Amino acid sequence: MSRLIGRLPKVGIRPVIDGRELGVRESLEVQCMDMAKAAAKLIEETLRFPSGEKVECVIADTTIGGVADAAACADKFKREGVEVSLTVTPCWCYGTEVMDTDPLTPKAVWGFNGTERPGAVYLAAALAGYSQKGLPAFGIYGKEVQDEGDQTIPQDVSEKIIRFAKGALAVAQMKGKSYLSIGYSSMGIAGSMVDVNFLQDYLGVRAEFVESVELLRRIDKGIYDQEEYKKALAWTKENCKEGKDYNGDEAQKSAEEKEKDWEKVVKMTLICKDLMNGNPKLKEMGFGEESKGRNAIMGGFQGQRQWTDYQPNADFTESILNSSFDWNGIRQAYTFATENDCLNAISMLFGHLLTNKAQLFSDVRTYWSPESVERVTGKKLTGIAENGIIHLINSGSTTLDATAQQSDAEGNPTMKPFWDISEEEVQKCLDNTKWPAAIFEYFRGGGFSSQFKTKGSMPITMCRLNLIKGIGPVLQIAEGWSVELPEDVHYILDERTNPTWPTTWFVPRTTGKGFFKDVYTVMAKWGANHGAISHGHIGADLIALASMLRIPVNMHNVDENDVFRPSAWSGFGEELEGADYRACDNYGPLYGFK
Ligand SMILES: C[C@H](O)[C@@H](O)[C@@H](O)C(=O)CO
Ligand SMILES: [Mn+2]
């Protein structure tokens, strides 16, 4: 069940048709409506929301042969909460008379590749109309000619329909929600200085600000679910075992002090959940305003410093919120950034909305060349790590799902949507995580950090949204793999850093040229200290989503054939990257103005 206020967006399917009666329209009614039903079936059988709900499609009541039908369809879509539109047809139709003219609805058009009727001709005419009217639309056209009665959806068409629908639903889900900033600037990290106008203009997201002192107020006044707290503390004691205390004797806290820290960090977690999405229990307790929450689809905790100089850090809170489980069982992960890095929270949210999976928040900490690894460990890097690795590690906000203790059908390490995760897998994630006392030099107020390493090798994608003054937002994407180093190599390298934090060793896919020339260059070109990492190779989905949001992509290692953007982008030139920049600049932010 979605934690957010309001209904989930629906996908509207628009079967358009040649309006000429006395034969033409009548001969196409069944095929046209069947295309719409096939598209709806594909989407509903393939996609779900991160909260687990199924995606619902709404098909126009009739085929759309002219503006009256188009208006009736738009009216139905409005009533039904449709926020994405897919137009389908096997034949010629009257472009501007049947188009979806809603400027805020991400839209695509699928023209059946059959020659009995000029479906592709309509597709081109429709896309020309959308381009001429400044309403970018995705064009979908299968490579192989299909026979007139063929109601199957070819693989290439299916892939584009799903890629479009995933990105479009992500756009629709963000609109009207909040980013919850608990505290503000963290250690001068620019991404933590929340850019309210960017959130509003590009994502339709409002920034909500709550001072960190609110956590103390609620802790001191007992403004949290007392019953849940008891359950949470007991679960935590049972499942979150302290690791080695790396602090010197003089900085180590006593067992009693650590007990107090555990109690506080559990309360912090309950309170951050309540701040994000409210809690009806608080109303029963007489805290009506606090029971409402901030309708936050993502959030961030400043933490460092001030709070962490005085209070236990939020690593436990951030780790548990970003995981697909807690004391209440297996559930949708939150999207919650440490160091209040809002830009990384957005990057995590893109990954979460596109995959329905929990996300990693990492410092892009160290590039290790094969030579340096051999120098300090005496061992050679092998396999896909042989040309160098990047150490991804940050206190806090990395999901425990990133222990990679979940398995796919073949038994390989993976990360799954919460509804596919078993209790046993949850326990393995917890059993492979230790919670050493927070390192005193950084976290004077104490607390605990999640300590684990990502097991085995998984396909992963790191992305990062950056703000470049004068251009605005740009997105960078690096597909690659997590790798597990031999224990002795991992230990030596990890001990040189902050071994109390979670580690993922990352090997980006390199191409030998440009920004992906080699592993070193990928890190050198990374635009900030943080990256958001998602399971799977989702670069093409991120590229499609970015184009819907008018955010240019400045770096990616996705095969050019998988780059899918609105057809109008072609009007900005053949060289895809420059065209992307020109198109995004031309259209400007979805909800704002340049
Ligand atoms: C050293 C700082 O306190 C840490 O927070 C650092 O590792 C960071 O994560 C900075 O992004
Ligand atoms: Mn960091």
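Think of each number as a place in line: the chain as shown, counted from 1.
Each Cβ is built from the backbone N, Cα and C atoms, and glycine gets one as well.
According to TrEMBL:
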ACT_SITE  E339  active site, proton acceptor
ACT_SITE  D363  active site, proton acceptor
BINDING   E339, D363, H530  Mn(2+) binding site
DOMAIN    9-176  domain 'L-fucose isomerase N-terminal-1'
DOMAIN    177-356  domain 'L-fucose isomerase N-terminal-2'
DOMAIN    392-556  domain 'L-fucose isomerase C-terminal'
Tell me, roughly as an integer, the mean pLDDT over the domain 'L-fucose isomerase C-terminal' (392-556).
98
Around the Mn(2+) site recorded as E339, D363, H530, what other same-chain residues have a C-beta within 8 angstroms of the site's C-beta center?
I189, T338, D341, N344, F361, S362, N394, A528, N529
On the three-state reduction of DSSP, what should I expect for E339 (active site, proton acceptor)?
coil
